[in-house]
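Student: What follows is a single structure, and I will ask about it in a moment.
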Amino acid sequence: MTRLEQLAPWRTRPVRPPESGISRRRSLWSRLHLDPWLLALLLILMGGGLLVLYSASGQRLPVVQAQATRFAVALAVMVMLARLSPATLMRWSPLAYGGGLAMLVAVEIMGDVGMGAQRWLVIPGVMRFQPSEMMKLAMPMMIAAYLCRRPLPPSWRDLLICGLLLGLPVLLIARQPDLGTSLLVACAGLFVVLLAGLSWRFILAMGALAAAALPLLWMNMHNYQRQRVLTFLNPESDPLGSGWNIIQSTTAIGSGGLTGKGWLEGTQSQLEFLPERHTDFIVAVLGEEFGLVGMVTILLLYLLIIGRGLWLANTAQDSFGRLLAGSIILTFFIYLFVNVGMVSGILPVVGVPLPLVSYGGTSSVTLMAGFGILMAIQAHRRLLPR
Amino acid sequence: MRKSRQLKNPEQEVRIFRGRALLAACLVVALTAALMGRLVYLQVVQHEVYITRSEKNRVRIEPLPPTRGLIYDRNGVLLAENRPTYNLTLVRERVEDLDATLALLVELLELPDAEAEAFRERSRQRQRPYQPALLMSDLSEAQIARLAVNRHRLPGVEVEAQLLRYYPDAEIMAHALGYVGRINAEELENLDAGNYAGTHFIGKTGVERQYEEALHGQAGLRQVETNARGRVLRELGRSDPVPGRDLTLTLDKELQTLAYELLDGRRGSIVAIEPASGEILAMVSAPGFDSNQFVTGIDVTSYRALQNDIDLPLFNRAIRGQYPPGSTIKPFLALAGLAEGVITPDTVVRDPGYYQLPNDSRRYRNWLRWGHGRVDLERSLAVSNNTYYYTLAHELGIDRIHERMTRFGFGQRVGADVFGESPALLPSREWKRGRFNQPWYPGETLSVGIGQGYWMVTPLQLAAATATLANRGTTVTPHLARAVGEEPLNLPPDQSPIVLDNDQWWDRVYAGMEEVLTGHEGTARRTGAGLEYRMGGKSGTAQVFSLGQDQRYNAAELAERLRDHALFMAFAPLEDPQIAVSVIVENAGGGSTHAAHLARAMTDAWLLEEEAPEVEELRERIDNDDATVTGN
C-alpha cells in the first residue's frame, strides 16, 4: 500500500480483490459502491409504496408512472452519490451549505409563493427548486464536517458554532413557512451533534429551555399553524375545517381493523373522504386497506432499513462518515415517526411525507441522495486496512 | 482534562458514537412500538367505533319522492298535470371564479344585470359548499339550450329537472281544484316526515288538499354511496316509490268553463249537481285566479294585489260564500207545509199586499205593493208571493221550519269531500239564545219564511237542496271525486229520505216551479221562453241593503255594490231530473232575470245535444233585461 493510500485511501482506485467466486460477487456490489441489503430493503419499500399509491391516487396509472419515474431518477442520484468519496463530500460540505443558505435567502427575498407558502425558487424555463430540500442534506454534512475536525465530545465553543450553523437555515425555512421541513432540517443537524457526544446535562438544559420557549414559539406562529396545534389537541372542535383531516384519517385507519378492507376497497380513501390521501396522508390508505397487519409490516420494513443504516454508520471509518450516516438514518426515522404519528392522531399535522411512499418527487430524491451518501460512506471503508 | 479535549481521540469518539447510536436505536424501537400501540388502539380496540363512522360517512339514505297523481274531469280531460320544469343550480365548491360564472349566467340567460346580485345571494344559501344552491327555477327552452351549449364554460352549474304541478285551466278550476304549494314549517310538523322527506309540495286547498294522501303516494328510498362531496357514486339498494293515485272528478270541464264564462267576471257562483248521484258537475266561484302562481310561490306584490282585490278572487264563494237565500227556498217551505199538514195543495191565501201578525200593526210587505189577490200553491211559487209564505211560516213556526229545512241540508256541511266548506246558518230558537241570549220573536219567523233574516246558505247547499227536491226527497251528498285511482267513490245510500203523505205533492210543487219559467205570470218567464224540455226553477233576491218601512226599491239609484244579489235555483227535466243548478250573482239586482238566464244556459248546455248558446248572445239578453227589473 502506498503512502498516499495510507494517508488518503479514498483518492486511489479500489484494489481488485483476488479472483474467487465469493469475492467476485462481493466485488460487483463494491464496484458499484452499493450495499445490497439496504438497496433490497429500499426497493421493497418503493415497490410496496407504488402499490399503495395506485390505490391512493384513485387508481390513476399516470400518477404511479410519474412516481416510478421519480424513483428511477432518485435511484440514479443515489448511485451517483454513492460513487463519491467521503472526502469529496466533506470538501463540498461548506459549499453545499453556503449555497443552500444563499438560496434560502433568495427565496426569502424573491421566492415563488405556492399553496400559501414561499418555498420555491424558480429559474425561469428551467426548474422550480426548493432550497430547503437541499438543506436537509447540506445541514448534517456541514455540521459533521465541522465537528469531525474537532476533538469530541464537542466543546462549548463548538456547540455555539453548531447552534449558529443550525439555527439560521432552520429559522429561514420556518419563516417560509414550512414547519415540517424546518423540523427535519433541525433534526438532521441536531442528530450530528447528539451523536458526536453532546453532554447529557446540556441536553437536559436545552430541553428545559425549549419548554420555556414554547409560549414564545406560539406567539410567533402563523394562524394556520396555531390552528393545527389546536385541532390536534381537539379535532372535534372543528370537524368540517381543520379537524376534518385528522377525523377522516383516524377513521380510515380505525375502520381498517386487523386485516384491512382489501386493496382498492378502502371506502374512506376511494370515496375521497380522506384529504391529501396520496401525499402526506397515504399511510391512512395503507391502514384502511391492509389493516394492522399491513401497518406493522411496513413499520418493520422501516425498522430494518433504519437498523441496517445504523449498522452501516457504525462501521464507518471516520467521524465524518459516522456522524453523517447516523444523522441521515435517524432523520429518516423522524420522517416516519412524525408522518405516522400525525396521520394516526398522536402528533399535530405537520407537512412531512411518508418516506418513499408518499407521492412527491423532491423528497424521494433527497431521501435517496441521503442513502447514496450512506452507501458512499460504507463502500469506501473497505479500502482501509482492518 | 482541558488539554485532552483539544486532541482528537478516535477510540473515544467511536465509543461515544456507539453508545449514542445504541441509545438512538433503542429510542427508535420504543417510538415505533408507541406507534404500533396507537395503531392497535385504533384498529383493534376502537375498530367498531371507526367502522361505524366510516359506514355513516359513505352510505346515505335518500328519499325518492313519489310522482303526484293527476286529476281528470269526468270525461278524462286533464285538469292537473305534472310538468317537467328545469331549475338552475350551482355547486359553489366546483366553481372556480364565482363572479365570472355569475356574470356569464346573467348574460346567457338574458337577465338584467341586477339579477347577478340575487344569484350571489342565493348561491350562499347552502351551508356546505358542495350542496347545490337553487339559483332560478322554471328555465325556458331557449335558456336551457344556451346553457347546454356553454356547459364547458360553466363548471359547477347544473340544470336540474323537477316535476311541478300545472293547472292548464287555472282560473276556471282554481277554487274547485285548489292548488299545491311549498310545504311550510307548520305543515311540516304534522306530516309523516318519512313519507314527505323528498316532497316539496303539498295540497293547500280544494281537491288537492282533500285527496292529499291519495294524490301524494308513498315515498321510496334508496341507499347510495357518496364521496366526501356528497356526490352519489352508486346505488346500494332501493325501494321504489308508489306514485300517487290519479283522481277522476265528477266535474265536467266544458260545463265548468261555461259556468265561469257565464259569470263573466262578475262576483258570483254557479254550482251544478247531478241529482241522482250527487256528483258535482260544475262548481265555480268568480272571479277566479291563476292558481299556478301559488305552486312555485307567489311573489308578495301579486299576493297582496289578490288579497286586497275588492272582488275577493281568493274567496271560494261556492262553498264559503254565505247569502240570504231569498225566495229560492219557497219550494222547500211549501213542501214543509205540506208534510206538516199546515197547508194542502189547494190552500188559498188572500194577499192584500201585506201580512200582519195577530195583534201587531206592523205590515210585512209583499214585493208587489197592491198584492196578488187569491194565491194558491202553484201561483205562490210562480209569482213568488210573500204573503202566502208569511202565513205558512207563521203557522209552521221556527222549530218545525228548522227541523224540516235541516233535512234538506241547510245549516250544515253537505259535501262529502269538499274541503273548507262553510255550514252557513239555519237559525233556530236555540241558536238565537246561544248567539244573542234573546228569545225568538214571531216576526223573525216571517223573515225566515221569505229567506231573509238570519238564514244564510252557500251556493253548494242551495244546489244540493235543489237536487234533493228534484229526487223527490232522496237526499244527495254532493261530491267531487268520481274515482280515486281505479276505485270508484262509494257513498252510503240515503238512510232517511224525505217522504210526503202523498207523492203527487212533489208534482204540485214542480208545477209551481215550472210556472216560474213558463207561466204568464212567472218571475222568470223571459228565461223560460223557447224551452225545449220541462224545467222547474225559483228565483230569489238577497237584500244587501235593507229598506226602511215605506221606502221603495230603486235599483238604479243604489250604488252597484249595494244592489241586491240575484239568485236562481233550477232543475231539469222535470220528469227525469239530470241537473240541479244554483246560481248567485252578487249585486245583479232582481234574480228573475240575470241569474235565471245563467241557470237556463247551464241546463241547456247539459241537456241539449247542440252546442250551448253563444255566451255573447246571452250577455246581450241579460243586459237588456237588467234594464227593466221586475219581481223577485
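Glycine is treated like the rest: Cβ placed from N, Cα and C.
Annotation source TrEMBL lists transmembrane segment at A:37-56, A:68-89, A:158-174, A:183-214, A:290-311, A:323-350, A:356-377.
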Student: If you count every Cβ pair below 8 Å, which range out of A:37-56, A:158-174, A:183-214, A:356-377 shares the most with the transmembrane segment (A:68-89)?
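Tutor: Per the Cβ count, the answer is A:356-377.
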Student: Restricting to the same chain and to residues at least six past its boundaries, which positions have a Cβ under 8 Å from a Cβ of the transmembrane segment (A:158-174)?
Tutor: 97, 100-101, 104-105, 107-108, 132, 135, 139, 142-143, 146-147, 150, 181-182, 185-186, 189-190, 192-193, 198, 202
Student: State, in range form, which of A:37-56, A:290-311, A:323-350, A:356-377 has the highest count of Cβ pairs under 8 Å to the transmembrane segment (A:183-214).
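Tutor: Counting Cβ pairs under 8 Å, the winner is A:323-350.
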Student: Please report, as numbers and ranges, the same-chain residues at least 6 past the borders of the transmembrane segment (A:290-311) whose CB is under 8 Å from any CB of it.
Tutor: 35, 37-38, 41-42, 44-45, 48, 253, 256-261, 263, 283, 325-326, 328-330, 332-333, 336, 340, 355, 357, 371, 374
